[in-house]
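First the structure, in the form of C-alpha cells, and then the observations on it.
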C-alpha cells in the first residue's frame, strides 16, 4: 500500500489530502502537524476550517485511509510520498524584509525528513514557495542523505477558498514539476498516477521544477491584477458617473478577456495574492528586473488605495468624523463561504475607522470573536506563522464588539459597511435595519451586493463602489 504523509494540516493540506484519500481508497494518507489543537479539531466534529463539502469528505475517510496525527516523525519515516504544506510567511526582518518568503518552516521540515527517513522518498512542495526553493530543499536533503535518494517535485495548489472541494474534484489543471532526469521523470509519473484516479490525463500538466514554481506565483499575480484593474476603473466610474458593473459586463463579454474576476470591491484579500506578488517583486529585483518589479508592485498599491478610498469615503460622508459613532461592519472574512480572514480588506478598513475613534459592531456568520480581535491587534504578516508562534493577542480592541446577527450589529449605528458578499446580506430586512439606526442612516456597500435604489427609497444614503454617486456624497468628496 502506497503511503502518503502531508506535513501541515492547514487550508491546503487538510482538504487536499482528504480528497486524495476519498478518491484513492488503496492509498493510506496521514496528515501531520505539531499543533495539538489543530489535529484534535481535525479528529472532531468541528473541523478547524470551514469549507463547503469538506465535512462529508473527511467523515467518509477518517479512520479508514485518512488519519490526522501529531506523530510527525513516525508518519514521515513510513511515507513513500511526503507533501510539505507548511507556512511560508513574508519576512519581517533581514534580507528581503517585507517582500521575500521566509523559508524557516520549510527548511526545518526538510531537515526533519532527512533525519528520520530510512528509505527513498518523493518530497512534494505543496505550499506556495519562491522559484528555486526546490533546489535549496534538494541541497539540504542530499547533504544529509545517508545514502537515501530523494526526488523533489513541485505540485502547487490552485484552490479557491469557498469552492476548494469542488476545485479538487474537478481541477482546471494539476501541475507537476520535476527534474528532467530518469529518476525525476519516474517521480513525476508516480505522483501523476495518484491524481489520475480521478483527474483526466489531459488536465495533468508536467513541467520542469522552475516552471511549476513560477506558474503558481504568475497565476495569482494575474488574478490579483484583474481585481486591481477593475478597482482602478471603479474610482474613475465614480468620478465620471459611469457604472462599474455595466463597464465590467461590457468588457467581460469580449471572449479574449472573459467575465471572471471583474467584480469591483473594497479590495482583494486571502493568504496568497499579496504574499505571492511581493515574492514575485523580490525575485524580479534579485534578478535585476526593476521595471518588472515595479509593474507588479502597482497591483498592491491600487489594492491599498482602494481600501483607503473606501474608509475616506465613509468618514467624509458622515460629517468628516466617525469619532464615538457606532459603525456596523457586515462581513469580516475575505470572501463569502469561508471563515478565512487572512489579509482580508476588512482588517484595514476596521483599523482605518478605529484610527478615527469609531465604535465597531462586527458580524460575520463564520468568523469568531477571538479571530476578529486577534486580526485587529496583530502586526502585518504575523498571521502567516503557525498559531502557537503568533504573538499572544492583547486583551482585545476595546472599541470593537462582535455580535451574532446583522440586526444586533446595526442597531443604533450611524453607518453600515458591507465588507464580505455573504448571500444572507442580500435578503436582510433593510426597513427594519433603517428604523433602528441613527439618522441620517448610511450604507457603504464594499461588495455591490445590495439594491442601492431600493435602499434609497427606504431612506438610506448609499455608497456603492464604482456606481454613480448619491447627491449627498457629491457634496462631501472623499479626499484620498
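From the backbone N, Cα and C atoms, a Cβ is placed for every residue, glycine too.
Feature annotation from TrEMBL assigns active site, nucleophile to 272.
Counting every protein chain shown, the number of other Cβ atoms lying within 10 Å of the Cβ of residue 161 (NAD(+) binding site) is 24. The NAD(+) binding site feature in TrEMBL is assigned to 8-13, 33, 38, 86-90, 127-128, 161, 272-275, 342.
Marked as domain 'UDP-glucose/GDP-mannose dehydrogenase C-terminal' by TrEMBL: 328-452. Per-class residue totals from DSSP over the domain 'UDP-glucose/GDP-mannose dehydrogenase C-terminal' (328-452), listed helix then strand then coil: 43 helix, 19 strand, 63 coil.
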By Cβ count within 10 Å, point out the most packed of the binding-site residues listed: 87, 90, 274.
-> 274
Between the C-alpha atoms of residue 272 (active site, nucleophile) and residue 33 (NAD(+) binding site), the distance in angstrom, to the nearest integer, is 21
Determine the mean pLDDT over the domain 'UDP-glucose/GDP-mannose dehydrogenase C-terminal' (328-452), rounding to the nearest whole number.
-> 90
For residue 11 (NAD(+) binding site), just count the other CB atoms lying within 10 A of its CB, please.
-> 22
